[in-house]
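Engineer: Take a look at what TrEMBL says about it:
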type	residues	note
DOMAIN	6-144	domain 'Sodium/calcium exchanger membrane region'
TRANSMEM	34-56	transmembrane segment
TRANSMEM	68-94	transmembrane segment
TRANSMEM	100-118	transmembrane segment
TRANSMEM	130-147	transmembrane segment
TRANSMEM	171-192	transmembrane segment
DOMAIN	175-316	domain 'Sodium/calcium exchanger membrane region'
TRANSMEM	199-220	transmembrane segment
TRANSMEM	240-260	transmembrane segment
TRANSMEM	272-296	transmembrane segment
TRANSMEM	302-319	transmembrane segment
TRANSMEM	331-352	transmembrane segment
Amino acid sequence: MLSTGLFFVAGIILLLGGAHLLVSSSSTLAVRFGIPTIFIGVTIVAFATSAPEIAVSLDAVLEDRAGLALGNVLGSNIANILLILGLSAVIAPIKVTKRVVWLDIPIMILASVALYVLALDQKLQPMDGVIMLVLFAGFMVFQIQQARKDKNNNVKARDENQEAEGEANPYLQGVLLLLGLALLALGAHWLVESAITIARIWGLSELIIGLTIVAIGTSLPELATSVLAAGQNESDLSVGNVIGSNIFNILLVLGISAFFSSDGLPISSAALSLDLPFMVAVSIACLPIFFTGHIIARWEGFVFLGYYAAYLLYLFLDATQHQYLELFNEVMMIFVAPITVLTLVIFAVRSWQKEK
């Protein structure tokens, strides 16, 4: 068990290190060969936080471990909102721009709903993967167009950065890029294999392991970026990092996973009845919360963290068929969920009336 745990931790470290090398070398090479900075910022930098999820999910699919691949994405998206944004808001209230409320979050919700619809037949076929990748390409084109309209970029600093990166040795950067890819592949393999072993030892499904420890492990880049941004009052970066990563995870990560799965990516009944709807619900819940004054208050951050703890507790109770599972379900459905919905509706209506 100790060696398995060491391989799991080592896998995460290699994933993070490989992602850093891949992104930094790709960015430098892009500048070296005259690729526009806007394209670099929207694609390569945005790709950075989703690289671990891509590597792990693709390795899991190739190892015929569909539950781990799906759980990794669903768990990462749930953790991104409830854990990462919740923790960031507790550190410092997060201001949310109108663009996030009226554009980014609706896109995330549409991507989540699209995934749920495609998964209703309990399998993501390779053609479903093509659909998601086409949607992802459209999203990236839209992002680049929006970036060109953004007048808040520091052009001078950007040009200086381009000049410095453009002088870098392209051969060295190419070697670093290949090294980053190798570390990603090796880290993903170690993480997947150790996660499978942990699931067997603990008697848990691969879906549960993917939803929990693997998802949190691959979400560490988002966690570090968002918490650091919150501490430095860069709230736009906190929210944008999470929302963008969730869209990437659904359209790109699952799109690639479904495309490379020979017989399709099976969706378990447990994922279809709980985890997928919960991810969609969490995404939708962002809209009224972010709409109330365009800020995520500390108490809302604590609510996010509370729901994430409750979700993890439910997964544990359900996996072990604990005697308190039924009582937990009743408390959540009869009291907690209705009170939360009512509170969100009241705050959303009050905020809407103030804006009028």
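Each Cβ is built from the backbone N, Cα and C atoms, and glycine gets one as well.
A quick note: this is a predicted structure, and the numbers were derived from the prediction, not measured.
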Engineer: Spell out yes or no: are there three or more C-beta pairs under 8 angstroms between the transmembrane segment (199-220) and the transmembrane segment (302-319), with each pair 6 or more apart in sequence?
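Structural biologist: Answer yes, regions in contact.
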Engineer: Would you mind listing the long-range same-chain contacts of the transmembrane segment (272-296), meaning Cβ under 8 Å and 6+ residues beyond its ends?
Structural biologist: 71, 74-75, 77-78, 81-82, 85, 88-89, 93-98, 100-101, 105-106, 108-109, 112-113, 115-116, 119-120, 122, 207, 211, 239, 246, 307, 311, 344-345, 347-348, 350-352
Engineer: Which residues, given as numbers and ranges, are at least 6 beyond the ends of the transmembrane segment (100-118) yet have a Cβ under 8 Å from it?
Structural biologist: 77, 124, 128, 131-132, 135, 139, 236, 239-240, 243-244, 246-247, 250-251, 254, 276-277, 279-280, 283-284, 286-287, 290-291, 294
Engineer: What are the DSSP helix/strand/coil residue counts across the domain 'Sodium/calcium exchanger membrane region' (6-144)?
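Structural biologist: So the domain 'Sodium/calcium exchanger membrane region' (6-144) is made up of 117 helix, 4 strand, 18 coil.
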